[in-house]
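Here's the structure, in structure tokens; my notes come after.
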Amino acid sequence: MGLSEGEWQLVLNVWGKVEADLAGHGQDVLIRLFKGHPETLEKFDKFKHLKTEAEMKASEDLKKHGNTVLTALGGILKKKGHHDAELKPLAQSHATKHKIPIKYLEFISEAIIHVLHSRHPAEFGADAQGAMNKALELFRKDIATKYKELGFHG
């Protein structure tokens, strides 16, 4: 399940592109998530009222949250699988406060892959997509373990 050093390098190379515009990428990821899986919007009191893509694009709060999400994910990815310290508080808040099911993390992973491919087709070919999929799967597996430790089976 672990990634090779070469796979981590592919992940981090494309992540460098993401970091040039975290808020924009994050906004695109959340819009893709909410459009593809409208049920996920119900978990966000701040965004529930946003019904159209235009409303979502105009929301500074959505852009800020997208930045927060991708900043946290970037910190996790840079740990190359040694992310226990970063996952603990994230699992705690997502399991006990926000009650975000693992399935929703799969949905946002799909949105991330889609956005990276559409924004960076040259840097995000099949090998990089495969590596990112593995990295996101590792993240989900490890956060699911933390969820269970917290008694959340979402």
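Using N, Cα and C of the backbone, Cβ positions are placed for all residues, glycine too.
For reference, Swiss-Prot has these:
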type: BINDING; residues: HIS65; note: O2 binding site
type: BINDING; residues: HIS65; note: nitrite binding site
type: BINDING; residues: HIS94; note: heme b binding site
type: DOMAIN; residues: 2-148; note: domain 'Globin'
type: MOD_RES; residues: SER4; note: phosphoserine
type: MOD_RES; residues: THR68; note: phosphothreonine
Fewest other C-beta atoms within 10 angstroms, as judged across HIS65, HIS94, which are the binding-site residues: HIS65
Residue counts (helix, strand, coil, in that order) that DSSP gives for the domain 'Globin' (2-148): 115 helix, 0 strand, 32 coil
Fewest-neighbour residue among modified residues, criterion Cβ within 10 Å, set SER4, THR68: SER4
